[in-house]
Structures are given as C-alpha cells and as structure tokens.
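A.B. asks: Once you've had a glance at the structure underneath, I'll fire off some questions.
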Amino acid sequence: MKVGVALSGGVDSAVALYLLLKEGHEVKAFHMKTKEDEFFIRKEIKKKVCCSPSDTADAMRIAHFLGVEIEIVDVKEIFREKVIEPFKSDLLKGLTPNPCVHCNRFVKFGYLMDYVLNQGFDAFASGHYARIEFSEKYGRKVIKKGVDLKKDQSYFLARIEPWRIERLIFPNGIYTKEEIRKIAEEAGIHVAKKQESQDVCFIPDGSIENFLKDEGITLKEGDLITPEGEVVGRHFGYPLYTIGQRKGFKIEKFGRRYYVRGKIPEKNVVVVSDLEDVFFSGLIAEDPVWHVEVPEEFKCVCRVRKKSEEAPAVVKLRDNEVEVRFEKKVFAVTPGQIAAFYDGDTLLGGAIIKEGIR
C-alpha cells in the first residue's frame, strides 16, 4: 500500500513511519510548515512546540535515516485562515478555543491529507495515539481511543470529516508511549528521547497577551464582578481567562475564593463566583460532526476538555445543535472548547460548546 505519513520531527511520527516501513508499505514523508522559521527565532520558546526549524531538521534527518523521501509542505496560508484567525476572533468573543482540534480538521487531516491523497497515495498516516478499527455495531471504520489512555489523542480528532477515517492509519494506537520510545531507541532513531510538544505551536512563549499584541490587539484591564454586579477586583484583559480559573486576577475584596463564571466582552467584564457556580448540569454545543450515524436521542459519555473526566450523559439532537444533560454536574464547561462523545472507547464525534447549562 502507498502511504503518506505526516512527519513532525518528533518520536511519535518517526515511529509511525518506521512501523509502516516494517510492514512493507511504500512510504513517503510529508512535513508541514505552519509558520516561517524567523517567527521561532524571534520568539522566546518556553515550552516545546511543534513546527519549529529544529523540528524540520529532525524530520529531514529521520527521513534520511529511514531511507524515505520527504516533502516539505507549506501550509502557512491555510493555517492562518483556519486556525490562527479563528483563534484570535474567538478569544475576542470571550471564548476559549481549541486550536489543535481545528488544525486537525482543516490542516493536517484536511489540506495536508488532501495533498497526499491527490498524489495517488492509498492512505494517510500520523503518529496519533488513537486506533482505526472496523466496528460491527456501526458498520464502518471508526476512531477508537489509543490503548495508552494517558496519551490518548482521540479527543483532538473529534471533528475530522467522517469519510477520512476510511483512509487513515494510526500505527501507534496499539502501543504505550514508553513502548514507542523503546521502539525508536532500538531502531536507532535519534529523537527517541525528544521532549513532547506541550503548547500551542504559534504561541511558543505561552503568552496569550503577547500573541494578541503581535496581532495588533492591546488588552485592557477591567472590572471583576459577581453575578449580582458587585465589583470585587480587577482583571488584566478578559481573553486571558477561562471558566473555572481562580488565579491571575487582582482581588480587592477578600474573604471568599473566586472562580471565573463567565465573561462579558462588550463590557470588558469578567464575572466571578463561588466554586459550586462553575459546575454544570449540561451544555449546548453547535456544528456537530458525527463519525457514525446517531439517533435523535442517545446515551453516551462526554468529554468537555482534553483532560476532563468522562461524564455519562444523554444527548439530544436539535437542528445544528446538540443538548447534553449530564448524570452528575461537570466542572468548567467552557464555550469554545470541544465536547467529544464516546460509546465506550469508540469516538462518535464532536461539537463546539456554545454554552453551559447550570
């Protein structure tokens, strides 16, 4: 089989490439450039991020070592259009966006995958910790969680187009991270011990404030208020805060611990309240993407953030939205984040959280 592999320059994609070669596939590597190299040279890199010049060098070295052709693919234009601009826009709307989910949908498993398939490849592969399996229950291939639940990345795949699943391969999904590193070490791949990417690739210094400043937007301080309208402190720019956050603002009225309950962008206000006020009985999410056919009402488990606990829930479809009701209240349901839905370890799909239901 002819397989195009997304090679980031990290250990996961390197081992995915290696495993496919061992299985006898005809393989070519593709490396994305999401930003110009000068961007990473100018920025202070506080956390390991993907797509830097060193990652490109590593990807080329891996491909050379394994004896495969590599092509550098310029995705800067679509990355800005589909990831950076919506991220900026959502922040200013008071949302907490998840750029990695949008990158997967529109760039890696969108533009890049199309680019690969249009070259005549049979399948597209990456180093994600997830599995592609045929489901007897749903009568089609589905995405399942990776066996290493600590590293499972299925959540980030919740909004890719369902037809693409038929053409995807995730070789790493049946291994743990430790096993992947061991395979790399035994194969002599030089990135076997390379640090994982930990932050948003286009914010290598980890500062939302600096990102917005670079985009020509200066944050303004504003009032921190209770739901009753009492001013209890100051915030340093509403895009810096997310639901459930309890640090990073200036409290002027002490005696209570405050958590971010919501934001009012048009008034430059952040609303804070008690802990119990940031637990939610449900949510409304919009623009759902379903990988399988689902009924108008069904039970499943829902994850509202990458690291959130899975919550048993009832989902009701309505127009281009879904209403989700949890069995037990869930902490910090956050507009802009992704609600991913599972049947056991099978990913059913995902939608963008519009609002929490208290």
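Any Cβ shown, glycine's included, is placed from N, Cα and C.
Per Swiss-Prot, ATP binding site is recorded for Ala6, Leu7, Ser8, Gly9, Gly10, Val11, Asp12, Ser13, Met32, Gly127. Summarising the annotation, Swiss-Prot assigns disulfide bond to Cys103-Cys201 and lists sequence analysis as the type of evidence. Under the heading active site, nucleophile, Swiss-Prot lists Cys103, citing sequence analysis as support. Residues annotated as site 'Interaction with tRNA' in Swiss-Prot, with sequence analysis given as evidence: His128, Gln337. Per Swiss-Prot, the feature active site, cysteine persulfide intermediate maps to Cys201.
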A.B. asks: Asp12 (ATP binding site) to Cys103 (disulfide bond): how many Å between their Cα atoms?
C.D. replies: 18
A.B. asks: Take the Cβ of Asp12 (ATP binding site) and count every other Cβ within 10 Å, whichever protein chain it belongs to.
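C.D. replies: If we count other Cβ atoms within 10 Å of Asp12 (ATP binding site), we arrive at 26.
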A.B. asks: Tell me the Cα distance separating His128 (site 'Interaction with tRNA') from Ala6 (ATP binding site), rounded to the nearest angstrom.
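C.D. replies: Here the two Cα atoms are 10 Å apart.
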A.B. asks: Using a Cβ cut-off under 8 Å and a sequence separation of 6 or more, which residues in the same chain sit near Cys103 (disulfide bond)?
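C.D. replies: In sequence order, the residues whose Cβ lies under 8 Å from that of Cys103 (disulfide bond) (at least 6 apart) are Thr34, Phe79, Lys82, Val83.
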A.B. asks: With H, G and I counted as helix, E and B as strand and the rest as coil, say where DSSP puts Cys103 (disulfide bond).
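C.D. replies: It is helical.
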A.B. asks: May I ask for the distance between Cys201 (disulfide bond) and Gly10 (ATP binding site), taken between their Cα atoms and rounded to an integer number of Å?
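C.D. replies: With distance taken Cα to Cα, Gly10 (ATP binding site) is 14 Å from Cys201 (disulfide bond).
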A.B. asks: Using C-alpha atoms only, work out the spacing between Met32 (ATP binding site) and His128 (site 'Interaction with tRNA') and round it to an integer in Å.
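C.D. replies: The Cα atom of Met32 (ATP binding site) is 15 Å away from the Cα atom of His128 (site 'Interaction with tRNA').
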A.B. asks: State the count of C-beta atoms found within 10 angstroms of the C-beta of Gly10 (ATP binding site), not counting that atom itself.
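C.D. replies: The answer is 21.
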A.B. asks: Cα-Cα separation of Gly10 (ATP binding site) and Gln337 (site 'Interaction with tRNA'), in Å?
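C.D. replies: Cα of Gly10 (ATP binding site) to Cα of Gln337 (site 'Interaction with tRNA') measures 26 Å after rounding.
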A.B. asks: Give me the largest Cα to Cα distance among Ala6, Leu7, Ser8, Gly9, Gly10, Val11, Asp12, Ser13, Met32, Gly127, the residues the record lists as binding ATP, in Å as a whole number.
C.D. replies: 16
A.B. asks: Would you mind reading off the Cα separation of Gln337 (site 'Interaction with tRNA') from Ser8 (ATP binding site), to the nearest angstrom?
C.D. replies: 25
A.B. asks: Whole-number answer please: how many Å between the C-alpha atoms of His128 (site 'Interaction with tRNA') and Ser8 (ATP binding site)?
C.D. replies: 11
